[in-house]
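Report on one structure; see the data block that follows.
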């Protein structure tokens, strides 16, 4: 029944009701000139050609032709909302960041949830990591915590990131998703085992965006007012409780309501059911990092909670839907390099790579002045620098202030109090191979200690159900990796694959290589 529709379905109805007492606006061109007729083009006679003087038509079509901006290369499908972060516990002994200044302080935030590999029109219910990015609008500029719904990631070296994403996207010739590409990469990079295991567990398909946790994933550095620093990780735990979708429900929803997560978030906020997350940190001292049993900056691993317990900090609350999706969600740009004083980067290689990649892709997608777009603008800080001009400069371009530094005319000066914390580094410079930095211990703990028997069963079924479409030699490599985690893990997956392969014989012939070549020798070794 139309009378019982949800707020998202009734958006146009509500918009009209809100303007019931107002007269309709006068229709104009983009330049504000009134339009006399929006239904008929100007022609030479009723059946004649169009005239170039029809500026109503050319204004409309020229803008329409340019409506689309480049799609995000990853995290293209997303939902956004706005709200606040409130401090509930004092952590000023760890960080001088103004966002944590005192208990009760509220900071405006913007949040974007997303899937990773799919295009902007893809379903919300696919098995895929979820982006969970938070923009804090602080007095010292924006802080972007660009996280996911998992505390780990597939790789630990940013040089692999383009290849990893290519393997999850579409085949360059067929333009189809390709299990060979996905599993070939994962099987050749066993550091992905932890994230792959999480992805194919029950938490791989969250029930919308409100019922999942968020994580900064990387290791960061906190610096207090005395210049003392610690390493930290950020966690935000859902107050709605964890809920996941079964494979069957996810498949059904992908057909019936592919925008399920977007709709659920919008309707919850529109009806006053504001979602929230409790914000925590883990803290590790520099001396603890030196004696840690593995690299504390490795994003494929977690910090054990029994050794580094969660410390409560505050609450994230979302209480406003976007006024316009394109303006406030499609154009929002999250950048891990946006860190106010008191929050800094660690030597985490993946984080270091993202410090360059994210602002670089924003400049491509939105232009060099993307920080002037209202949703990205650090509106609670005064921006004063020596950057000028460029496409889509939408503000006063800092007027007549000097555009060079140093100068003698009272223009902006740097602040020594904002200097980064000094860090000692190794003098040895080379390309360090980290491919075999214990890829199985924490995965084994996840499989044996975190999952129960039913969850292990579903995990293996989910993996085998996806891996079965890859070629046999790739299946064998993947199963070998799972067996190195735990024999039971690999054995279960192999047993399920054997059933699939008996029902649907595989063709193990793959890319042709010349007999006797180095590629042929390598492929023989893989079989």
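Numbering starts at 1 and runs along the chain as it is shown here.
Backbone N, Cα and C define each Cβ position, glycine as well.
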Of the candidates 169, 177, 237, 243, the one that Swiss-Prot places in the NADP(+) site of 194, 201, 203, 213, 303, 305, 306: 237
Annotated stretch (motif 'Microbody targeting signal', per Swiss-Prot) among the listed ranges 520-523, 524-527: 524-527
Mapped DSSP class for residue 306 (NADP(+) binding site), helix or strand or coil: coil
Least surrounded among the recorded positions, given as 237, 499, when other CB atoms within 10 Å are counted: 499
Which recorded positions sit within 10 Å of residue 237 (NADP(+) binding site) - Cα, from 75, 148, 358, 480, 499: none
Candidates 75, 233, 358, 480, namely the recorded positions, that fall within 10 Å of residue 213 (NADP(+) binding site) by Cα distance: none
Surrounding CB atoms that lie within 10 Å of the CB of residue 203 (NADP(+) binding site), all protein chains: 18
